[in-house]
Each structure stands twice: as structure tokens, then as C-alpha cells.
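Structure first, commentary second.
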């Protein structure tokens with residue numbers, strides 16, 4: 001059924017006018033805050049005569065003798081402003097370079113999708129369906145009675161090398177609203193028809209019979225788990241990552257692609273438009289689609305918002321630095337919902353964010369994640 005192979009602000013004081021007989025001055029300062037940047041613009045000094053310029057630059061005669069004390073003070077202040085502005089420009093350039101460095105660092109960060117989290121109404125029932133019908137293994141289970149919830153981790157291989165599912169059961173809650181934004185999970189199998197037969201034999205629900213995908217040749221089918229989460233079965237050869245897709249619907253595909261490339265470091269693997277069925281998809285991941293889990297973003301023509309319900313929770317992604325990750329997310333227009341730092345009690349460093357559509361992602365420190373597993 002499922003066969004697995006090994007994992008391979010601006011400040012600008014300026015002298016706007018200066019008259020020889022009676023000095024009149026005009027100075028202005030304005031501030032414009034920017035995300036992670038602060039700039040000081042250079043100011044200008046306009047002196048209406050060449051003689052005045054020479055006196056200012058080369059004469060040892062006190063400035064107050066010619067222009068009055070007030071004017072001399074203004075000129076000195078102007079000179080100081082230029083010095084501050086120069087320093088400010090250097091600071092702005094440094095900040096811009098730092099921003100570029102952060103976004104460039106994202107591309108080099110060692111990232112991997114770790115698990116997807118969602119809520120179910122009957123943990124044992126769901127575990128039974130996933131193990132018996134979909135061929136997953138129960139990797140671990142933990143009960144947190146003081147917080148009144150239980151987690152179960154299931155997948156096709158160890159958590160330190162495979163993308164897995166984290167199920168959450170909250171005491172006493174037996175039903176959730178999946179909403180219209182979440183799409184499905186994808187599982188690669190060698191024989192879709194046989195897998196569908198097994199699902200039927202176990203009392204599972206098949207929502208699309210095996211057959212070629214619309215507009216393509218890949219054989220697929222759709223089944224539902226006991227809570228109504230859809231799974232797309234894709235016919236493929238042996239793969240190191242059978243749990244291969246998470247599909248989410250978005251309101252602006254180009255905006256989402258840009259965000260995930262810059263903030264998450266995901267690569268756009270392919271994009272396909274289906275005008276006949278009025279939707280476009282984009283596959284994004286950290287490696288080739290046949291060997292890694294991918295995020296499938298779907299845009300339905302004219303639909304800009306979706307109901308997210310309360311069932312689907314988030315994807316967790318590993319990173320070498322949650323602090324730099326949070327900075328990159330902010331620079332890319334994302335919203336940080338949990339500032340980076342260690343979790344109370346277990347000291348695992350995380351940060352959490354929302355994408356432009358409100359989908360949540362949690363980034364977990366790579367070293368801390370392995371320690372937690374141990």
C-alpha cells in the first residue's frame with residue numbers, strides 16, 4: 001500500500017533662507033518611522049552670495065560681526081545637522097544591509113516541515129482509522145491532564161526525519177468545525193484502487209473514486225476520516241515522504257507565494273492554472289515534490305476570504321534560529337503571534353506567526369526539537 005524508501009525616520013534641519021541685512025530663518029524636522037529602519041537625511045545650506053560663502057568658509061573674522069549672533073548660531077546648528085545627517089545615512093545603509101542579510105539568511109537556514117497539528121473529537125477512533133486504513137504508525141502519545149488535552153503523533157517514519165501528524169484531543173470536545181479554508185492532506189500510495197478498497201472494507205468514507213486528476217493523468221482518490229478531514233490519495237512510486245501534502249486555500253495567490261518565499265524560505269516548485277475549473281494552485285516546499293512534503297496553496301477565482309473554523313491548527317517548521325526567523329517574518333509583512341523564546345517548563349524555543357490569510361505556523365528550534373524527542 002504505502003511503501004517508504006530511506007530519506008536521502010527622517011530628521012532634516014535646513015537653513016531655507018538667509019538675508020544679509022536682517023536674517024530670517026526656517027528650520028524643519030520630520031520623523032517617519034519604518035519597520036526595523038531609521039534614517040537621517042542630509043540637509044541643505046543655501047547662502048545667497050559668493051562673498052558670504054567665502055566669508056563663511058575662509059575668513060577668520062567672527063561670523064557674528066557680519067551676520068549677527070543669531071545667524072551665527074544658526075549656521076553652527078546647520079553644520080551640526082549635516083554631521084548628524086551623514087551619520088544617519090550611514091545608519092540607514094547599515095540597517096538596510098542588515099534587513100537584506102536577514103532575508104538572505106532565510107534561504108540558507110536549515111528548515112524542514114516537522115508536523116501538522118489539528119483537533120479531533122475521538123482520539124482512539126482516529127488513531128484506529130489512520131493505522132488500519134492509511135497505514136500510519138502511532139509514534140508516540142502524551143496526556144497533559146492539568147491542561148485537559150492529549151496528543152498523538154502518527155506518520156510513516158521517525159519524527160526526526162519525517163513529516164508527521166499531531167492530533168489533539170481536548171477533554172470533553174467531540175466535534176469541531178473544519179471550515180472552508182482548509183483543503184486536504186495528501187498521501188502518496190503505490191496503488192490508489194487497493195487503498196480505496198481497504199478504506200471501504202474498514203467502513204471509511206470515499207468521496208471521490210479512483211481516477212485521473214482533472215486536467216492531468218495522475219490517478220487520485222479522496223477519502224474522509226471520522227472527523228471529516230479529507231485525504232487525497234496520489235498514485236506514486238516508492239517515496240521517503242508518503243505524507244506529502246497540506247492544502248490550504250488563499251485569497252491572493254501571488255501575495256502568498258511572495259510571503260512564503262521571503263519569510264519561510266519555501267521554493268515555488270510549480271504553479272498550475274485551471275481556467276476551466278476556475279482555480280490556480282502553487283506547490284511550495286523545501287525540496288523536490290516527490291521526496292518532500294509540500295504546501296499546496298489553492299486560489300479559487302474571485303474568492304478572497306475563507307472560514308477557517310476551529311479544527312485545523314498549524315504547521316510546525318524547524319529552524320536554526322527562531323529570533324532571526326521572527327525578524328524575517330516581520331520584514332515580510334507577517335504577524336508574530338508569539339514572540340521568539342523558550343516555552344515554559346521544557347525550554348524549547350519557538351515563535352509563532354500568521355500569514356496574510358491568517359494561517360498559523362510555529363517555528364521550532366532544531367536542536368531543541370531533537371532534545372525534546374530524546
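Positions of Cβ are set from backbone N, Cα and C atoms, glycine also.
Unlike curated records, TrEMBL annotations are generated automatically.
According to TrEMBL, the protein carries these features:
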type	residues	note
ACT_SITE	232	active site, proton donor/acceptor
BINDING	166, 184, 232	Zn(2+) binding site
DOMAIN	112-236	domain 'VOC'
DOMAIN	242-366	domain 'VOC'
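The domain 'VOC' (242-366): residue composition by secondary structure is 23 helix, 57 strand, 45 coil, according to DSSP.
For residue 232 (active site, proton donor/acceptor), the same-chain residues 6+ apart in sequence whose C-beta sits under 8 angstroms from its C-beta are 184, 185, 186, 187, 220, 221, 222, 245, 247. Sequence-distant neighbours of residue 166 (Zn(2+) binding site) (same chain, 6+ residues apart, CB-CB distance under 8 A): 115, 116, 117, 118, 151, 152, 153, 316.
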